[in-house]
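Student: If you scroll down you'll find the structure; I have some questions about it.
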Number of protein chains: 2
Amino acid sequence: MTSTDATPPLRPTRQRIAVAEAMASFDDFRSAQEIHELLGRRGEHVGLATVYRTLQRLADAGEVDMLRTEDGEAIYRRCSDTHHHHLVCRSCGRTVEVEGPAVERWTRAIASEHGFTDVSHTLEIFGTCPSCG
Amino acid sequence: MTSTDATPPLRPTRQRIAVAEAMASFDDFRSAQEIHELLGRRGEHVGLATVYRTLQRLADAGEVDMLRTEDGEAIYRRCSDTHHHHLVCRSCGRTVEVEGPAVERWTRAIASEHGFTDVSHTLEIFGTCPSCG
DNA sequence: GCTGATTTGACAACGATTCTCAATCGCCAT
DNA sequence: ATGGCGATTGAGAATCGTTGTCAAATCAGC
């Protein structure tokens, strides 16, 4: 393995920058389509397919979180680089990042207890936030 | 609201029974399409739309678990009636039901700490099982 | 400026899921 | 049993998010 290029050269194009900036501009989860629209409204036209491609790259690179709504739609959000989970308001979509070392430990323990390796997990908490309650 | 009927009468039709039996016949997660196919092969023809409708009912009734694969497809599995989570093998799909009272407590605590009510959560653990490792 | 690899965008293609709506079916009172 | 009637079904069309296609545009380096 001289330099296992799983990562081909990445170019900072106008489109990629636009998407990255858009992601930086809000705090909650948005779908690819919403981001595409947002960019359009801002005058930064970026093709829908490109938005999808870019978001995937960002997600792979761990720069954004991607999760699925109940009905299977992918939604994205910029995130801090530490591992964490989300507390999401069912009605207004407001999200809070939460951490739980105990949960991390627990999942690892359970997994190895069953002989599973290379473990990862997803955890989302849903509820009604104070202002929507 | 004389008797807030959120649950209209449910009829035990041939189709619903067939789907329920199919669900009882295996242990791992299957997609609606797979179940539809399975029934077809068994000679029990049930329309695809009906399979979808029935699985949704079952999921709403808490008789089956529904979760989403990484790519957004819905998959279903019969489940015990106690609240639990799944440890899923990324390569062969084998699943193990796990329980974690600590996690339940933790999510409830975190949520109320932020003023969220009516809380629920999803938690899945993915990994490579012993036989696939 | 030229060249080759990367990236883009418009649009077609896809696949899962839902909708439509007429034909059937199950339940229940007669 | 029988008839009425709302629940249910099925076949196919319609949605909708997402991915594929491929020629044109763009970029890095020479």
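Backbone N, Cα and C atoms are what each Cβ position is placed from, and that goes for glycine too.
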Student: Quick check: of B:Glu70, B:Glu73, B:Glu97, B:Glu104, which does TrEMBL put in the same Fe cation site as B:His83, B:His121?
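Tutor: Given B:His83, B:His121 bind Fe cation in TrEMBL, the matching entry from B:Glu70, B:Glu73, B:Glu97, B:Glu104 is B:Glu104.
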Student: Take the C-alpha atoms of B:Cys92 (Zn(2+) binding site) and B:His83 (Fe cation binding site) and report the distance between them in angstrom, rounded.
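Tutor: B:His83 (Fe cation binding site) has its Cα 24 Å from the Cα of B:Cys92 (Zn(2+) binding site).
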Student: Could you tell me which of these binding-site residues, B:Cys89, B:Cys92, B:Cys129, B:Cys132, has the fewest other Cβ atoms within 10 Å of its Cβ?
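Tutor: Among the binding-site residues B:Cys89, B:Cys92, B:Cys129, B:Cys132, the sparsest Cβ neighbourhood within 10 Å belongs to B:Cys92.
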Student: Return the count of C-beta atoms lying within 10 angstroms of the C-beta of B:His83 (Fe cation binding site), excluding that atom itself.
Tutor: 13
Student: With a CB cutoff of 8 A to chain A, go through the binding-site residues B:Cys92, B:Glu104, B:Cys129, B:Cys132 and name the hits, or write none.
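Tutor: Qualifying residues, whose Cβ lies under 8 Å from chain A: B:Cys129.
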